[in-house]
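Visitor: Sharing a structure below in structure tokens format, with a few things to ask.
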Amino acid sequence: MASVPKKIQKADICPLKMKDALFTYFVLFVVFGLAQGRVVRVSEGPLVRVEGQVVSLRCDVSDYEGPSEQDFDWKVLRGDQWVQLISTFDLGFADRSMQGRVDTGDISVERLGPAAAELRIRGLTPADSATYRCSTPSTDSVIKGNYKADVQLTVIGDSLKVVPSTPPAMVPEGGPLQLRCNATRDVLNHAYTHLSLTWSVGSGAGAEDILTFGPDGEVRVGGGTSQRYEDGGIRLDLRGGGAYGLVLTQALPGDGGMYTCTAREWSREVGGAWQQILERSVEMGEVRVTPTAESLAVSVEEANATLSVDDTLNLTCSAAADDRPALGLEVTWLLNPAPGGDPAEPRVVAHMSRDGVAEGASEAVGVARVGAGSFRLLVRGVGQDDTGLYSCRVRAWIHRSGGDWYQAAEKTSDPVQVLVTLKDPDFRVTLLDGVTPQFSGDPTELRCQVTGVSGLGGGRLGVSWLYAEAVPGDVTGGGASITIAGLDAQGNLRAAEGYRDRVENGLLVLSRTEPDSFRLRLLRTLDTDMGAYSCAVSAWSPARSGGWERGKEVRSQPLNVFWIPKSPRVSVAARRLREATSAGATFEMSCQLTAQNLQDPGYSVVIQMEESLGGQTRKVLSLSADSVLGLEEWSELDRMVLEKTGHKEFRFRLYRAQASDRGFYYCAVTAWTRDPSPGNAWTKATSTESNKVHITFADTGPVFNVSVRSDTSSVSPWETAKMQCVVAVLGASPGPDDVSYEVRWYLNRGLDSATLLATVDRWGVVRKGLRNGSSDCSVERVDARTYVLSTHNTQDSDAGQYYCTATPWTRSPTGAWTRGRDLTSARIHLTVNFALWDSMQRPLLFGAGVALAVGLLSILLGLVCTRCCCRKALQTPRPQHPLTDMEME
């Protein structure tokens, strides 16, 4: 009974082991079955190529293990044997039968990347039609996937032939251009390949494709010709049997150039993609499109004609173009009234559109087509305004295939002159002198008188005023005349460019005083206006088309306008009106002007002052020619008045005269005239100065003096230097409330100018000037007339000469404050000493203290370490035994 359970257990265990093994095999199968292995791919075939060309067979490998760079072996199937071609790893891989082509490079392999290579075969022959295999040696740990791939190559013969038809060398613009080309190949190749044909124009890199037909029967048009193809301007002419034709229904000037026919042979590969396997181009020939403008001829058949008023003008315009298709002709008759006039601004007489519609036609003017390219102009009842140069302008239009028109050419015929004569009226012209200027600025008036008028009828008279440079006594009219301004028959004024501003500003006036009398007036005659003047009177008669037309013109004898130029003169006299006998009094001075040879002048006055005769001049107050008051080099406008009391008189008043105001005063006068140009700006004429008027009075007040002193003339750096500015009063001293001082401190470091350090005004307000950036200064008033300057933290830049200036202000019994003269003290020199010991004391003491502190700290640390760390070693117990006691005893 004991063995039965053992058998049962063994029987149970075996099925379990088999189940586990089967499950393991199933999992491995699924894992390795689903795992992606190495994949080798080649160009999808079958491939078709042409004999003599080059074929490239690409081979790629992916999903592999091992190094990133893989090797490739190529073989070819000959019969039922695989013949080795070439390898990227083994240089001697090629079979002996293939080694010659490998050595010559006809068969080669080129790496395209670590996992891609390309087999190249040059000079294909029909014998190269075979199956080619690409294989990769295994670098994987487990063999999985595919390691080789095959592709079928078929080599067909080169039988493509392209034979073009030579196009015409010259094609007129708008004419058709046919481009024919025959492209054929071997009938056996029809099973493998298809053809496409491309027409292009141009040479080299600049060639542009016009149209391509095939290989799938579709048409592809170049970007610049797509619209023409849609409009029917470009179309295909397929006649079969390899005959292909392209027709440009209307050639344009840009269609000229070298035309090329290109045939391409294509094969359809796997997936439907087209592969070009052969291309052959042949030049068809050079084509030149002659523009219509080269052959378009336009002329007026009639020669120059002379007509009388109310005659009929008959002119015929002929337009022709050689070997041109039907053109749409637009005709315009133009009239240039003046020979040699601007051809860009002719007058349009009549116009006919390309559709034959006459524009601008009337009973008097008509235009009609009388034949192919012939157009007639009729003008009935001509007048003098019809005189001029007639020309015919023709615009040639070509109708596009899309339905619209474009202008191909424009040409204007040579003009023919038509003269319409009229019996001129008879009259005489005389120029009279009305007002003669005596000097510059005076008015000038001239009168043009017309007498003996006959034959004018319903006409009118116009006038033109002329000017020419001349010298006194010249009766010939001087040099070439220029037109100043004129009046036409309707009284319209037209001024020349150089006189237009004067006319607009009213300085030059033209008028018609009577039907036969004209007047010219210059309100202000300039020196440049001197010369010879004349007037030209013209007869105007009514024009047939409305308005007025100009006829006969009669010019007067010149009349000279001259005067002797006189220089402007101005003199001024200054006289005292009120004397300043003491400080605080009022001074008044008058400046009286006398002027000559000036027309409506204006005057500007500047009051100037000299402290002593010939001394420095200071400008006090000014008044411009426009009566604008200005303060010049003075600081107190409230004490001064400058006013214009008459046309040529000015008065200057100085209130509360002070001692500092004493000196010599005079007037500087400038005479100005108005510029006739726009704006009427002032122009300087002349200037002068008056005599000098002296302001002097005794100074009965106290006499002040200022001095500066200092306790020491040298200081050390960073110390404070103090200096005193003391104002002394000599004579009777005013009360403390009746005197005040302005004090200013200066430092001169040897430069050109002194530096202002600080100021104290008479109200006690302190203001500091510019100094160096590290030291500072202060000013304090220690008593009534002593001011102390303290320079703190002195440096080398504070060395130099110090001085002070004081200005006393005293109050009179009336309560008016009077400013005294500026007083300047003597100079004292301050030196900033650099003492070595003094500068080193503090650093040395500081260093010694730090060194002593560090030493004491080191000793203290040593004692602490000794007491704490070495205590046990120093306190070793002495051994106790009897001998020690005896020795001690």
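Positions of Cβ are set from backbone N, Cα and C atoms, glycine also.
Pasting the feature list from TrEMBL:
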DOMAIN    51-154  domain 'Ig-like'
DOMAIN    164-271  domain 'Ig-like'
DOMAIN    291-394  domain 'Ig-like'
DOMAIN    425-555  domain 'Ig-like'
DOMAIN    702-824  domain 'Ig-like'
TRANSMEM  844-865  transmembrane segment
Visitor: Would you kindly check 51-154, 164-271, 425-555, 702-824 and say which stretch has the most C-beta pairs under 8 angstroms to the domain 'Ig-like' (291-394)?
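Guide: The listed stretch sharing the most Cβ pairs with the domain 'Ig-like' (291-394) is 425-555.
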Visitor: Report the DSSP secondary-structure composition of the domain 'Ig-like' (291-394) as helix, strand and coil residue counts.
Guide: 7 helix, 53 strand, 44 coil
Visitor: Restricting attention to the domain 'Ig-like' (425-555), give the mean pLDDT.
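Guide: Summing pLDDT over the domain 'Ig-like' (425-555) and dividing by its length gives 85.
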Visitor: Using DSSP, how many residues in the domain 'Ig-like' (702-824) fall into helix, strand and coil?
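Guide: Per DSSP, the residues of the domain 'Ig-like' (702-824) fall into 6 helix, 71 strand, 46 coil.
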Visitor: Can you tell me how the residues of the domain 'Ig-like' (425-555) break down into helix, strand and coil by DSSP?
Guide: 11 helix, 72 strand, 48 coil
